[in-house]
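Engineer: Structure in C-alpha cells, see below.
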Amino acid sequence: MIGKLIKKIFGSKNERELKRMGKVVTLINALEPELQKLSDEQLKEKTTELRNRYSAGETLDQLLPEAFAVVREAGRRVLGMRHFDVQLIGGMTLHEGRIAEMRTGEGKTLVSTLPAYLHALAGKGVHVVTVNDYLASRDANWMRPLYEALGMSVGVIQSMQPAVLKRQAYASDITYGTNNEYGFDYLRDNMALSKQDKVQRPLNYAIIDEVDSILIDEARTPLIISGAAENSAEMYKRVNQLVTKLTRQIDNGEDGDRRVISVAGDFTVDEKSRQVELTEGGHQHVEELLIKANLLAPDQNLYAANNLTLLHHVNSALRAHALFHRDIEYIVQEGQVVLIDEHTGRTMPGRRLSEGLHQAIEAKESVEIQSESQTLASTTFQNYFRLYPTLAGMTGTADTEAYEFREIYGLDVVVIPTNRPIQRIDMNDKVYLSLEEKYAAIVEDVKAFSANNAPVLVGTASIETSEEMSRRLTSAGIKHQVLNAKFHAQEAEIIAQAGRPGTVTIATNMAGRGTDIVLGGRWESEVEKLENATPEQIDAIKAEWEKRHDIVLAAGGLHIVGTERHESRRIDNQLRGRAGRQGDPGVTRFYLSLEDNLMRIFASDRMRNFMQALGMEKGEAIEHRMVNNAIENAQRKVEGRNFDIRKQLLEFDDVANDQRQIVYHQRNELLDAENIRDTITVVRADVLNDVVSQYIPPQSIEDMWDIAGLEKQLEVDFGLRLSIAKWLEEDTRLHEEPLRKRILDEVQATYDAKCERIGEIMLEIEKQVMLQVLDNSWKEHLAAMDHLRQGINLRSYAQRNPKQEYKRESFELFQQLLQRVKHETIHLLARVEPITREQMEAMEIQRREELARQKMQMRHEQLSAMPESPEAESEPAAAPQRQAPVVREGRKVGRNDPCPCGSGKKYKNCHGQLE
C-alpha cells in the first residue's frame, strides 16, 4: 500500500529516468536550428572539434547534447531520417551502459548511431553486435553514409574473413559484427603466435542488438576452439544398436510417498529437467546386452571406474533417443544433424552438442559420425561480454528478464515509450481440451481473418508444428507460405510480403526477427525486382501499395495467431510484437490445449481438474483472465528454473574464467616482451629450489639428505652432471643454503654458456618455448576441468557441496598447471640445441598450420541445475586432498598387452578401443 502511494507521488523508477533524460532532450532540440545552418563540410568538422574537446578533458557526458544533435542532423540530411525524441532517450540509455527496451519498428538500428558516434569520439573503437552476418552487413551498410558524412570509419567483421580484413575492420571507429565472431576473434587472439597476428583492439564499448537473444538465450552456449580428438564412431554405432532394445518406464505420478508405475521399463524420462536414468532392471539389462556384444567383460560392472567411458556412451545414446526428436530439436540436412534454435526456430549450422551427445544423435540417424574434439580454448558469452568496460543493449522484450540482466550483467532496463500510441489488441488465450480441437479452431479463425483481407502470422514453437499447421491449412484450401528452419533462404522474401491483404504466413517462433512486417507488404522489394526502375514504375508500385495498406488497416492490421505458449513470456511477447509497429493496428491471440508441452509438464493439476470439471463440450474453449494468469505462473516457474541453471553455469564458468584471465594476461605479457631472459632466470631459480627441496628438505640435517637422488634428478631436469657428494666431502662448511646457491650458480653458468654459444636467436627460442608450453599445458588443463565438472554432481551424494568442491579442486589443478609450465619450460630450455633462423621459421610455419586446422564450434551445454543437498552446506569441509579426474583404476595396460578381461585379445583390439 505504502509502495503504491510513493509510486503515485514520485512516479516509478522508469518514469523518473525518462523525466531526467527528457531535460537533456530539450538541450539537444535547442541546438538543432544552429546545426541546420551549417554546410555539410562544417557539420563534418564538428567531429574533429568534439574529439579535440574530449582530448582536452571534457567527458562524453558533457559532449552528449552536441554529439547527439550532430548525428540527428546528419541522419536528416543523408538518410532522410530524423531521430525522434524517444530515440534520443534510447540513445542516452545506451550511452549510460543500460538496456533500452524499444518496441518493434521503433528504429533501434537508427538509435544505435547516437551512442556509437559519441563513444567513437574517444578513439578506442565501438562494437555493434548483431545475431547474424546478414544483419551485421545490412545495418553497417545502411548506416555507413551517416557515419562517413561525419568523418567516421565503419568496418564489418564476417565469418571466414581473412585476418588482414578483420584487422582493418577492428581498426575502424565503429565495427559491426556477430556475437559469435567477436567471441571467436577474442579466443583466436589469445592463441596468436605474435602480436602481429592479433586482430582486435582492447575492448571498449559494445552495443548489443537483440540483447535478450544473445545474453540470455545464448548464455548456455560456450564458444569453443577445438582440435580433433580420437574417433569413437564405431563405439557410438554399437551402443546405439543396444539402446534401441531398451523400453521406457511409464509412471502414473505419485500416490503419497509411493511412485505408481503403470508400465515397467529400463529407463525413466524426466521431461522437466530433461534427464534420463536407468532403472535397476534397466541397469541389469544393459549390462547383459553389453556382455553379449563383447563390450563388457562378464565379471565387470558398468559403473566401475575403468568402464566410465562405456557408461558415458550408454547415457548419451539414451538421451539421444528419449530427449531429442527429429524436426523439433534438430533436422537432418545433407547427411548432417543440424540443431534448431529453440528460441528462434532457425537452424544452427556448425553448432554441436557437447559431451558426445551430437555423435549419439548422428548414430541414431545413421549419418556420418564426426569425430569428437578436444577443447583448446573456450569462453561463454556471459563472460566475454562482461570484459567490456561499458556494455549496452537494445531489444523489444527485456523487462520480463530485468532481474537477470541486473543480477548477472549489472545492466538496468529502461522501457522507452513508443513514438506513437500502441493500437494493438492482445486478446485472452483460448484454451481447449485437446490438440485436435485447438488445431481445428485455429484453421477456422485463420480462414475467417484471411477472408476479411487481414494478413495472418501463425507462430509455432517447432518445425513439426509448423508443418502440421501447413498440412491442415492446405486441406482447408487456405493458401499460405511457410517460414521455418528448412526454408531459411527464402526468409527475407516471405517476411517482405507477409503484410499483404489476406496473406497467411506460418513461422517458427521468431524466425524473421530483425525485419519488420510492413502492412501492405514492402513496396521496396517490388522495386528491387525491376531492372533500372523508372520513376513512373516506382510511383505506380507506391500507389498500389497505398491501396493494399488501406485495405489491411480496415481489416484491423496484422493478426497474430500463437499455436502454443513458449516456456518464456519474453518469446511470446516477441511474437506479439510483430503486430502493432509504429502505431499500426493489430490483433494477437494464443490458442492452447491441455496436451501442449507447457500445460502438460508445468501447468498445475488444479487448473486441469478445474477445466475438466466444467464439463466442456467438444470444440469449446475457455477464455478467461484467470486462465491466462495460471499459464503465466507456469511460465514464471520455467523462467525461474532456467535462470537458476544459467546462473549456476556462470558460477562454474567464473572459476574457469578467473584462471583464463590469468593465463591470457601472462600470455599477452610474453607476446609483448622483446626479452624474457630475466623471467626465465627467476623461473629457473624457483624450479631448481623445488627440485632441491625434494631431496634436501628445508632446515633438515645432513642425514636426511638424498644426494645421489638429487644428482640424478639434476641430470634429468637440467642435463647437468654435478658431483655434489664430492663437494660436500671437500668442504665441510657447505651447509644447506650455501649448497643451494652453488647448485644454482652452476646451473646458471651452464645456461649462460649455452646462450653465448647459440647467440641472439636464444632470446626468440626462450619466448617460443614458454609460449608453446603454456598453450599445451592450458589445453590439458581445460580437458581436466571438463572431466572434473562432468563428475562433480556426484559429490552431493557424499554430503558435499559440488560448487565448493569444484572451486577447491580446480584451484589445485590450476596450481599444478602453473608449476608444470615452469618445470616444462626450464626442462626444455636446458635440453635445447643450437638451431638456425631457417629452422626456427620452419617450426613457426608448422605451428601456424596446426592452428589453421582447428575448428570453431559452439556447443550447447545440456546441463541441468546441479543437486546441492542442504546437508552439504552445513557439513565441515573435508581435509584437502589432491584429486585428478578418474580415468582408469589399477595398473596402466599397454596397447599390445593381453586385455585384462581375459578375452585373449590384445588390449587395443578389445577394451582399449574405449580409450
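Just so you know, glycine gets a Cβ as well, placed from its N, Cα and C.
From Swiss-Prot, for reference:
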{"type": "BINDING", "residues": "Q87, G105, E106, G107, K108, T109, D516", "note": "ATP binding site"}
{"type": "REGION", "residues": "854-915", "note": "region 'Disordered'"}
{"type": "BINDING", "residues": "C899, C901, C910, H911", "note": "Zn(2+) binding site"}
Engineer: Could you measure the widest C-alpha to C-alpha distance across Q87, G105, E106, G107, K108, T109, D516, the residues recorded as binding ATP, and give it to a whole number of angstrom?
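Structural biologist: This binding site's residues have a maximal Cα-Cα distance of 17 Å.
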Engineer: Other residues with Cβ within 8 Å of the Cβ centroid of Q87, G105, E106, G107, K108, T109, D516 at the ATP site?
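Structural biologist: Once Q87, G105, E106, G107, K108, T109, D516 are set aside, the remaining close residues are M102, T104, L110, V111.
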Engineer: So for E106 (ATP binding site), how many other CB atoms are inside 10 Å of its CB?
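Structural biologist: E106 (ATP binding site): 23 neighbouring Cβ atoms within 10 Å.
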Engineer: Taking Q87, T109 as the binding-site residues to compare, which has the smallest set of other Cβ atoms within 10 Å?
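Structural biologist: Relative to the other binding-site residues in Q87, T109, T109 has the fewest Cβ atoms within 10 Å.
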Engineer: Using Cβ-Cβ distances, find the residues under 8 Å from G105 (ATP binding site) that belong to the same chain and are at least 6 apart in sequence, listing them in sequence order.
Structural biologist: D516, R581, Q582, D584
Engineer: Would you identify which of the binding-site residues G107, K108, D516 has the most other C-beta atoms lying within 10 angstroms of its C-beta?
Structural biologist: K108
Engineer: Through the lens of DSSP with three states only, how would you label G105 (ATP binding site)?
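Structural biologist: Going by the DSSP assignment, G105 (ATP binding site) belongs to neither helix nor strand, so it counts as coil.
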